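Written below as C-alpha coordinates is the structure these notes are about.
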(Lines of atoms letter the chains of each structure in order from A and count residues from 1; the text may use other names and numbers.)
(Lines give C-alpha, C1' and ligand atoms only; values in the text may rest on other atoms or scores of the structure.)
Protein backbone atom coordinates (compact mmCIF):
# COMPACT_ATOMS: atom_id res chain seq x y z
CA UNK A 1 0.00 0.00 0.00
CA UNK A 2 1.74 3.24 1.04
CA UNK A 3 4.70 1.03 1.97
CA UNK A 4 6.11 1.37 -1.55
CA UNK A 5 5.81 5.15 -1.42
CA UNK A 6 7.59 5.30 1.95
CA UNK A 7 10.42 3.11 0.65
CA UNK A 8 10.90 5.29 -2.44
CA UNK A 9 11.31 8.48 -0.41
CA UNK A 10 14.84 9.75 0.09
CA UNK A 11 16.22 8.87 3.51
CA UNK A 12 16.19 11.57 6.17
CA UNK A 13 16.76 11.31 9.90
CA UNK A 14 14.10 13.74 11.03
CA UNK A 15 10.62 12.88 9.78
CA UNK A 16 8.99 14.77 12.64
CA UNK A 17 7.21 13.36 15.66
CA UNK A 18 6.23 9.70 15.38
CA UNK A 19 4.70 7.10 17.68
CA UNK A 20 2.15 9.66 18.73
CA UNK A 21 -0.27 8.67 21.48
CA UNK A 22 -3.86 8.18 20.39
CA UNK A 23 -6.72 9.76 22.34
CA UNK A 24 -10.37 8.76 22.29
CA UNK A 25 -13.25 10.95 23.40
CA UNK A 26 -15.81 9.19 25.58
CA UNK A 27 -19.00 8.03 23.83
CA UNK A 28 -21.03 10.89 25.29
CA UNK A 29 -18.44 13.57 24.46
CA UNK A 30 -17.92 12.13 20.99
CA UNK A 31 -21.63 12.21 20.24
CA UNK A 32 -21.90 15.80 21.45
CA UNK A 33 -19.00 16.84 19.21
CA UNK A 34 -20.44 15.00 16.20
CA UNK A 35 -23.65 16.97 16.63
CA UNK A 36 -21.70 20.22 16.81
CA UNK A 37 -19.84 19.29 13.62
CA UNK A 38 -23.06 18.38 11.83
CA UNK A 39 -24.47 21.79 12.70
CA UNK A 40 -21.34 23.54 11.38
CA UNK A 41 -21.45 21.53 8.14
CA UNK A 42 -25.16 22.18 7.65
CA UNK A 43 -24.76 25.95 8.10
CA UNK A 44 -21.52 26.27 6.11
CA UNK A 45 -21.45 28.35 2.95
CA UNK A 46 -17.98 27.28 1.79
CA UNK A 47 -16.91 23.97 3.37
CA UNK A 48 -13.32 22.93 2.68
CA UNK A 49 -11.98 19.52 3.74
CA UNK A 50 -8.25 18.97 4.41
CA UNK A 51 -7.26 15.29 4.58
CA UNK A 52 -4.31 13.21 5.73
CA UNK A 53 -3.34 9.55 6.01
CA UNK A 54 -5.88 8.90 8.77
CA UNK A 55 -8.80 8.81 6.35
CA UNK A 56 -7.21 5.91 4.44
CA UNK A 57 -6.24 3.59 7.31
CA UNK A 58 -9.64 1.87 7.11
CA UNK A 59 -8.83 1.17 3.43
CA UNK A 60 -5.88 -0.98 4.55
CA UNK A 61 -3.29 1.76 3.96
CA UNK A 62 -1.07 2.32 7.04
CA UNK A 63 -0.51 5.83 8.32
CA UNK A 64 2.95 7.22 9.09
CA UNK A 65 3.05 8.62 12.63
CA UNK A 66 0.55 6.59 14.64
CA UNK A 67 1.52 3.79 17.07
CA UNK A 68 1.63 1.35 14.13
CA UNK A 69 2.61 3.92 11.51
CA UNK A 70 5.30 3.21 8.93
CA UNK A 71 7.79 5.74 10.25
CA UNK A 72 7.04 4.75 13.85
CA UNK A 73 7.84 1.10 13.14
CA UNK A 74 10.92 2.01 11.12
CA UNK A 75 12.31 4.10 14.00
CA UNK A 76 11.63 1.24 16.43
CA UNK A 77 13.35 -1.26 14.13
CA UNK A 78 10.19 -3.31 13.78
CA UNK A 79 8.94 -4.98 10.58
CA UNK A 80 6.49 -2.98 8.52
CA UNK A 81 2.87 -4.11 8.39
CA UNK A 82 1.76 -6.44 5.63
CA UNK A 83 -0.50 -4.84 3.04
CA UNK A 84 -3.95 -6.47 3.02
CA UNK A 85 -4.48 -5.57 -0.65
CA UNK A 86 -2.34 -4.44 -3.56
CA UNK A 87 -2.02 -0.64 -3.47
CA UNK A 88 -3.73 -0.28 -6.85
CA UNK A 89 -6.83 -2.12 -5.59
CA UNK A 90 -7.40 -0.04 -2.45
CA UNK A 91 -10.99 1.18 -2.26
CA UNK A 92 -12.23 4.50 -0.87
CA UNK A 93 -13.41 4.50 2.74
CA UNK A 94 -16.77 5.54 4.10
CA UNK A 95 -15.28 9.00 4.67
CA UNK A 96 -14.10 9.30 1.06
CA UNK A 97 -17.56 8.44 -0.23
CA UNK A 98 -19.33 10.66 2.31
CA UNK A 99 -17.30 13.57 0.95
CA UNK A 100 -18.53 12.66 -2.54
CA UNK A 101 -22.09 12.81 -1.22
CA UNK A 102 -21.47 16.22 0.34
CA UNK A 103 -19.91 17.51 -2.89
CA UNK A 104 -22.82 16.28 -5.02
CA UNK A 105 -25.23 17.99 -2.59
CA UNK A 106 -23.38 21.29 -3.08
CA UNK A 107 -22.19 21.46 0.53
CA UNK A 108 -18.52 20.58 0.07
CA UNK A 109 -16.78 23.12 -2.14
CA UNK A 110 -13.17 21.89 -2.19
CA UNK A 111 -10.90 19.06 -0.98
CA UNK A 112 -7.21 19.46 -0.13
CA UNK A 113 -5.28 16.24 0.38
CA UNK A 114 -1.77 15.40 1.52
CA UNK A 115 -2.29 11.76 0.51
CA UNK A 116 -0.74 10.16 -2.57
CA UNK A 117 -3.12 7.19 -2.71
CA UNK A 118 -5.40 8.75 -5.33
CA UNK A 119 -8.55 7.69 -3.50
CA UNK A 120 -10.27 11.08 -3.67
CA UNK A 121 -10.17 10.99 -7.47
CA UNK A 122 -11.22 7.34 -7.56
CA UNK A 123 -14.10 8.05 -5.21
CA UNK A 124 -15.54 10.64 -7.58
CA UNK A 125 -14.37 14.04 -6.31
CA UNK A 126 -14.06 16.21 -9.47
CA UNK A 127 -10.47 17.03 -10.37
CA UNK A 128 -11.25 20.76 -10.45
CA UNK A 129 -12.39 20.57 -6.83
CA UNK A 130 -9.30 18.77 -5.56
CA UNK A 131 -5.73 19.78 -4.70
CA UNK A 132 -3.35 16.85 -4.24
CA UNK A 133 -0.51 18.71 -2.56
CA UNK A 134 1.99 15.86 -2.44
CA UNK A 135 0.98 14.25 -5.72
CA UNK A 136 -0.78 11.05 -6.75
CA UNK A 137 0.94 7.67 -7.07
CA UNK A 138 -1.33 6.83 -10.00
CA UNK A 139 -0.96 10.07 -11.93
CA UNK A 140 1.48 11.09 -14.64
CA UNK A 141 1.63 14.57 -16.10
CA UNK A 142 3.06 16.10 -19.24
CA UNK A 143 5.52 18.91 -18.43
CA UNK A 144 5.01 20.36 -21.91
CA UNK A 145 1.24 20.59 -22.45
CA UNK A 146 0.03 19.94 -18.88
CA UNK A 147 -2.08 16.86 -19.70
CA UNK A 148 -2.73 14.49 -16.79
CA UNK A 149 -2.99 10.70 -17.04
CA UNK A 150 -4.68 8.72 -14.25
CA UNK A 151 -3.40 5.13 -14.32
CA UNK A 152 -4.78 1.90 -12.88
CA UNK A 153 -1.25 0.91 -11.81
CA UNK A 154 1.20 2.60 -9.46
CA UNK A 155 3.63 4.82 -11.36
CA UNK A 156 7.12 3.40 -10.88
CA UNK A 157 8.94 6.56 -9.75
CA UNK A 158 8.55 9.46 -7.32
CA UNK A 159 10.30 12.82 -7.18
CA UNK A 160 8.82 14.32 -10.37
CA UNK A 161 11.05 12.09 -12.51
CA UNK A 162 10.56 11.06 -16.12
CA UNK A 163 8.65 7.81 -16.60
CA UNK A 164 8.76 5.34 -19.48
CA UNK A 165 5.66 6.77 -21.22
CA UNK A 166 5.00 9.76 -23.44
CA UNK A 167 2.16 12.21 -23.87
CA UNK A 168 -0.47 10.72 -26.19
CA UNK A 169 -1.22 14.06 -27.84
CA UNK A 170 0.12 13.77 -31.39
CA UNK A 171 1.14 17.44 -31.33
CA UNK A 172 3.14 16.96 -28.13
CA UNK A 173 4.65 13.55 -27.41
CA UNK A 174 6.80 14.79 -24.53
CA UNK A 175 8.07 12.39 -21.89
CA UNK A 176 5.73 12.14 -18.91
CA UNK A 177 6.70 12.64 -15.27
CA UNK A 178 5.38 11.25 -12.02
CA UNK A 179 3.61 13.70 -9.71
CA UNK A 180 4.66 12.47 -6.24
CA UNK A 181 6.97 14.74 -4.27
CA UNK A 182 10.14 13.62 -2.54
CA UNK A 183 11.17 15.38 0.69
CA UNK A 184 12.92 18.36 -0.85
CA UNK A 185 10.57 18.86 -3.79
CA UNK A 186 8.54 22.07 -3.83
CA UNK A 187 4.78 21.89 -3.66
CA UNK A 188 3.21 22.43 -7.10
CA UNK A 189 2.09 26.07 -7.39
CA UNK A 190 -1.16 25.20 -9.17
CA UNK A 191 -2.29 22.86 -6.38
CA UNK A 192 -1.01 25.13 -3.60
CA UNK A 193 -2.58 28.29 -4.99
CA UNK A 194 -6.00 26.68 -5.38
CA UNK A 195 -5.78 25.23 -1.88
CA UNK A 196 -4.86 28.58 -0.37
CA UNK A 197 -7.62 30.35 -2.31
CA UNK A 198 -10.31 28.00 -1.02
CA UNK A 199 -9.01 28.06 2.55
CA UNK A 200 -9.27 31.85 2.53
CA UNK A 201 -12.83 31.51 1.23
CA UNK A 202 -13.74 28.76 3.68
CA UNK A 203 -16.07 29.47 6.56
CA UNK A 204 -15.43 25.91 7.81
CA UNK A 205 -12.19 24.00 7.18
CA UNK A 206 -12.57 20.40 8.30
CA UNK A 207 -9.25 18.60 8.90
CA UNK A 208 -9.62 14.82 8.78
CA UNK A 209 -7.00 12.26 9.80
CA UNK A 210 -3.94 14.52 9.73
CA UNK A 211 -1.34 15.32 12.38
CA UNK A 212 -0.83 18.74 10.75
CA UNK A 213 2.97 18.55 11.02
CA UNK A 214 4.21 18.96 7.44
CA UNK A 215 4.71 22.61 6.45
CA UNK A 216 3.68 24.59 4.53
CA UNK A 217 0.64 22.37 3.93
CA UNK A 218 -0.32 22.26 7.62
CA UNK A 219 -0.70 26.04 7.71
CA UNK A 220 -3.31 26.16 4.97
CA UNK A 221 -6.33 25.71 7.29
CA UNK A 222 -5.19 28.77 9.26
CA UNK A 223 -5.82 30.93 6.17
CA UNK A 224 -9.54 30.71 6.94
CA UNK A 225 -9.22 32.45 10.30
CA UNK A 226 -8.61 35.95 8.92
CA UNK A 227 -12.04 35.85 7.26
CA UNK A 228 -13.81 34.54 10.33
CA UNK A 229 -13.67 30.89 9.31
CA UNK A 230 -13.68 28.00 11.76
CA UNK A 231 -11.29 25.05 11.89
CA UNK A 232 -12.43 21.60 12.98
CA UNK A 233 -9.86 18.83 13.54
CA UNK A 234 -10.81 15.13 13.62
CA UNK A 235 -7.74 13.08 14.52
CA UNK A 236 -6.69 10.45 17.04
CA UNK A 237 -3.50 12.32 17.95
CA UNK A 238 -3.04 15.86 19.19
CA UNK A 239 -1.86 18.33 16.56
CA UNK A 240 0.11 21.62 16.65
CA UNK A 241 -2.98 23.45 15.40
CA UNK A 242 -5.44 22.30 18.07
CA UNK A 243 -5.36 25.64 19.88
CA UNK A 244 -6.53 27.37 16.72
CA UNK A 245 -9.48 25.04 16.23
CA UNK A 246 -13.07 25.74 17.14
CA UNK A 247 -13.64 22.02 17.65
CA UNK A 248 -11.24 19.09 18.14
CA UNK A 249 -12.61 15.55 17.92
CA UNK A 250 -10.62 12.51 19.03
CA UNK A 251 -12.28 9.59 17.30
CA UNK A 252 -12.13 7.39 14.22
CA UNK A 253 -12.79 9.53 11.17
CA UNK A 254 -15.24 7.05 9.64
CA UNK A 255 -17.29 6.95 12.83
CA UNK A 256 -17.40 10.74 13.11
CA UNK A 257 -18.33 11.36 9.46
CA UNK A 258 -20.90 8.56 9.51
CA UNK A 259 -22.54 10.25 12.49
CA UNK A 260 -22.55 13.59 10.69
CA UNK A 261 -24.13 12.09 7.56
CA UNK A 262 -26.84 10.43 9.63
CA UNK A 263 -27.65 13.68 11.42
CA UNK A 264 -27.85 15.45 8.08
CA UNK A 265 -30.13 12.65 6.83
CA UNK A 266 -27.82 12.07 3.86
CA UNK A 267 -27.01 8.76 2.22
CA UNK A 268 -23.40 7.77 1.61
CA UNK A 269 -23.09 6.87 -2.08
CA UNK A 270 -21.74 3.43 -3.02
CA UNK A 271 -18.32 3.04 -4.60
CA UNK A 272 -18.36 1.43 -8.04
CA UNK A 273 -15.02 0.80 -9.70
CA UNK A 274 -14.92 0.43 -13.47
CA UNK A 275 -11.71 -0.74 -15.13
CA UNK A 276 -10.77 -0.67 -18.80
CA UNK A 277 -8.74 -3.02 -20.99
CA UNK A 278 -8.30 -3.52 -24.71
CA UNK A 279 -8.44 -6.60 -26.92
CA UNK A 280 -6.35 -6.43 -30.09
CA UNK A 281 -7.06 -8.95 -32.86
CA UNK A 282 -4.63 -8.86 -35.78
CA UNK A 283 -5.05 -11.03 -38.91
CA UNK A 284 -2.99 -11.63 -42.06
CA UNK A 285 -3.13 -14.16 -44.89
CA UNK A 286 -0.49 -16.79 -45.45
CA UNK A 287 1.56 -16.63 -48.64
CA UNK A 288 -0.68 -19.19 -50.35
CA UNK A 289 -3.84 -17.29 -49.26
CA UNK A 290 -5.34 -20.45 -47.71
CA UNK A 291 -4.72 -19.69 -44.06
CA UNK A 292 -5.09 -16.81 -41.66
CA UNK A 293 -2.28 -16.07 -39.23
CA UNK A 294 -3.85 -14.26 -36.32
CA UNK A 295 -2.83 -12.87 -32.96
CA UNK A 296 -5.04 -11.90 -30.06
CA UNK A 297 -3.73 -9.75 -27.24
CA UNK A 298 -5.35 -8.51 -24.02
CA UNK A 299 -3.60 -5.33 -22.95
CA UNK A 300 -3.81 -2.19 -20.84
CA UNK A 301 -5.51 0.87 -22.33
CA UNK A 302 -2.49 2.83 -21.08
CA UNK A 303 -0.19 1.23 -23.65
CA UNK A 304 1.09 -2.17 -24.71
CA UNK A 305 4.04 -1.99 -22.33
CA UNK A 306 1.94 -0.85 -19.36
CA UNK A 307 1.00 -3.47 -16.74
CA UNK A 308 -2.55 -4.82 -16.82
CA UNK A 309 -2.71 -4.84 -13.07
CA UNK A 310 -6.19 -6.20 -12.39
CA UNK A 311 -6.05 -9.30 -14.63
CA UNK A 312 -4.19 -12.34 -13.30
CA UNK A 313 -4.61 -14.75 -16.22
CA UNK A 314 -6.63 -15.40 -19.37
CA UNK A 315 -8.10 -18.75 -20.47
CA UNK A 316 -8.72 -18.97 -24.23
CA UNK A 317 -11.18 -21.47 -25.69
CA UNK A 318 -13.18 -21.82 -28.89
CA UNK A 319 -16.62 -22.76 -30.20
CA UNK A 320 -17.77 -26.30 -29.47
CA UNK A 321 -17.57 -27.30 -33.15
CA UNK A 322 -13.87 -26.47 -33.30
CA UNK A 323 -11.03 -28.75 -32.28
CA UNK A 324 -8.60 -25.93 -31.56
CA UNK A 325 -6.39 -26.37 -28.55
CA UNK A 326 -7.30 -24.25 -25.53
CA UNK A 327 -4.67 -22.02 -23.96
CA UNK A 328 -3.96 -20.48 -20.56
CA UNK A 329 -2.11 -17.18 -20.59
CA UNK A 330 -0.75 -16.72 -17.08
CA UNK A 331 1.92 -14.07 -17.66
CA UNK A 332 1.93 -10.69 -19.34
CA UNK A 333 1.85 -9.93 -22.19
CA UNK A 334 -1.39 -11.92 -22.56
CA UNK A 335 -0.88 -12.91 -26.18
CA UNK A 336 -1.86 -15.91 -28.33
CA UNK A 337 -0.84 -16.69 -31.93
CA UNK A 338 -2.69 -19.19 -34.12
CA UNK A 339 -3.20 -20.24 -37.75
CA UNK A 340 -6.61 -21.27 -39.03
CA UNK A 341 -8.20 -22.02 -42.40
CA UNK A 342 -9.25 -18.83 -44.18
CA UNK A 343 -12.88 -19.86 -44.67
CA UNK A 344 -13.49 -20.95 -41.08
CA UNK A 345 -15.67 -18.87 -38.77
CA UNK A 346 -15.85 -19.45 -35.04
CA UNK A 347 -16.11 -17.84 -31.63
CA UNK A 348 -13.18 -17.09 -29.34
CA UNK A 349 -13.99 -17.19 -25.63
CA UNK A 350 -11.77 -15.29 -23.21
CA UNK A 351 -12.18 -16.15 -19.53
CA UNK A 352 -10.46 -13.29 -17.66
CA UNK A 353 -9.33 -14.18 -14.13
CA UNK A 354 -9.06 -11.10 -11.92
CA UNK A 355 -6.33 -10.29 -9.41
CA UNK A 356 -6.66 -10.00 -5.64
CA UNK A 357 -8.75 -7.04 -4.56
CA UNK A 358 -11.32 -7.34 -7.33
CA UNK A 359 -14.87 -8.05 -6.21
CA UNK A 360 -15.46 -10.81 -8.75
CA UNK A 361 -13.31 -13.76 -9.71
CA UNK A 362 -13.68 -13.67 -13.47
CA UNK A 363 -15.68 -12.62 -16.51
CA UNK A 364 -16.06 -14.06 -20.01
CA UNK A 365 -15.73 -12.16 -23.27
CA UNK A 366 -16.95 -13.64 -26.58
CA UNK A 367 -15.30 -12.58 -29.84
CA UNK A 368 -16.59 -13.62 -33.29
CA UNK A 369 -13.87 -14.56 -35.79
CA UNK A 370 -14.51 -14.18 -39.53
CA UNK A 371 -11.67 -13.07 -41.77
CA UNK A 372 -14.00 -12.33 -44.69
CA UNK A 373 -16.01 -9.74 -42.72
CA UNK A 374 -14.92 -6.55 -41.04
CA UNK A 375 -16.58 -5.04 -37.97
CA UNK A 376 -17.50 -1.37 -37.98
CA UNK A 377 -15.75 1.05 -35.69
CA UNK A 378 -17.59 3.15 -33.10
CA UNK A 379 -17.06 5.16 -29.94
CA UNK A 380 -19.72 5.39 -27.25
CA UNK A 381 -20.19 8.14 -24.71
CA UNK A 382 -18.09 6.75 -21.84
CA UNK A 383 -19.81 8.74 -19.12
CA UNK A 384 -23.27 7.59 -20.20
CA UNK A 385 -22.09 3.97 -20.55
CA UNK A 386 -20.39 4.04 -17.14
CA UNK A 387 -23.52 5.47 -15.52
CA UNK A 388 -25.64 2.60 -16.89
CA UNK A 389 -23.06 0.10 -15.64
CA UNK A 390 -23.09 1.71 -12.18
CA UNK A 391 -26.87 1.58 -12.02
CA UNK A 392 -26.83 -2.10 -13.00
CA UNK A 393 -24.14 -2.90 -10.42
CA UNK A 394 -26.12 -1.18 -7.66
CA UNK A 395 -29.31 -2.95 -8.67
CA UNK A 396 -27.56 -6.33 -8.86
CA UNK A 397 -25.47 -5.67 -5.72
CA UNK A 398 -22.59 -7.32 -7.53
CA UNK A 399 -19.85 -6.63 -10.06
CA UNK A 400 -18.93 -8.17 -13.40
CA UNK A 401 -21.08 -6.01 -15.67
CA UNK A 402 -19.16 -5.21 -18.86
CA UNK A 403 -19.57 -3.30 -22.09
CA UNK A 404 -17.63 -2.46 -25.22
CA UNK A 405 -17.11 1.30 -25.25
CA UNK A 406 -14.98 1.69 -28.38
CA UNK A 407 -13.90 -0.22 -31.47
CA UNK A 408 -11.22 0.82 -33.95
CA UNK A 409 -10.57 -1.05 -37.19
CA UNK A 410 -7.67 -1.02 -39.63
CA UNK A 411 -7.94 -2.66 -43.06
CA UNK A 412 -4.24 -3.24 -43.80
CA UNK A 413 -2.95 -5.13 -41.95
CA UNK A 414 -6.39 -6.21 -40.82
CA UNK A 415 -6.78 -5.48 -37.15
CA UNK A 416 -9.48 -4.67 -34.65
CA UNK A 417 -9.03 -2.97 -31.28
CA UNK A 418 -11.95 -3.06 -28.85
CA UNK A 419 -11.94 -1.25 -25.51
CA UNK A 420 -13.93 -3.02 -22.82
CA UNK A 421 -15.19 -1.63 -19.52
CA UNK A 422 -15.97 -3.86 -16.57
CA UNK A 423 -17.24 -3.28 -13.03
CA UNK A 424 -14.60 -4.82 -10.76
CA UNK A 425 -15.72 -3.56 -7.34
CA UNK A 426 -18.97 -2.62 -5.64
CA UNK A 427 -18.84 -1.28 -2.09
CA UNK A 428 -21.86 0.04 -0.21
CA UNK A 429 -21.98 1.83 3.13
CA UNK A 430 -24.44 1.71 6.01
CA UNK A 431 -23.60 4.37 8.57
CA UNK A 432 -26.02 2.92 11.09
CA UNK A 433 -24.03 -0.30 11.20
CA UNK A 434 -20.58 1.22 10.79
CA UNK A 435 -21.12 3.94 13.33
CA UNK A 436 -21.02 1.54 16.26
CA UNK A 437 -22.10 3.13 19.54
CA UNK A 438 -22.62 6.58 18.06
CA UNK A 439 -26.39 7.11 18.21
CA UNK A 440 -27.56 10.64 17.42
CA UNK A 441 -29.82 12.18 20.01
CA UNK A 442 -33.11 13.34 18.56
CA UNK A 443 -33.56 16.45 20.68
CA UNK A 444 -31.16 18.57 18.60
CA UNK A 445 -27.55 19.71 18.36
CA UNK A 446 -25.54 21.54 20.98
CA UNK A 447 -23.25 24.58 20.66
CA UNK A 448 -19.56 24.71 19.92
CA UNK A 449 -16.65 23.67 22.13
CA UNK A 450 -13.21 25.26 22.33
CA UNK A 451 -10.39 22.78 23.02
CA UNK A 452 -6.78 23.57 24.00
CA UNK A 453 -4.10 21.27 22.58
CA UNK A 454 -0.29 21.16 22.46
CA UNK A 455 1.93 22.42 19.62
CA UNK A 456 4.64 20.22 18.08
CA UNK A 457 7.39 20.63 15.50
CA UNK A 458 7.36 19.14 12.02
CA UNK A 459 9.37 18.60 8.88
CA UNK A 460 9.24 21.38 6.27
CA UNK A 461 8.61 21.20 2.55
CA UNK A 462 9.57 23.98 0.15
CA UNK A 463 7.03 26.03 -1.78
CA UNK A 464 7.97 26.90 -5.33
CA UNK A 465 7.19 30.56 -6.04
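Note: Cβ is positioned from N, Cα and C throughout, glycine not excepted.
The structure displayed is predicted, hence computed values, not measured ones.
Taken from TrEMBL as is:
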DOMAIN    27-267  domain 'Deacetylase sirtuin-type'
ACT_SITE  134  active site, proton acceptor
BINDING   142, 145, 167, 172  Zn(2+) binding site
REGION    442-465  region 'Disordered'
COMPBIAS  452-465  compositional bias 'Basic residues'
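The residues near the Zn(2+) site, meaning same-chain residues not in 142, 145, 167, 172 whose C-beta sits within 8 angstroms of the mean position of the site's C-beta atoms, are 143, 144, 146, 147, 166, 168, 169, 173, 174, 176, in sequence order. A separation of roughly 21 Å, to the nearest angstrom, links the Cα atoms of residue 145 (Zn(2+) binding site) and residue 134 (active site, proton acceptor). It is 17 Å from the Cα atom of residue 134 (active site, proton acceptor) to that of residue 142 (Zn(2+) binding site). Ranking the binding-site residues 142, 145, 167 by other CB atoms within 10 A of the CB puts 145 at the bottom.
Cβ contacts within 10 Å of residue 134 (active site, proton acceptor), excluding its own Cβ and spanning all protein chains shown: 22.
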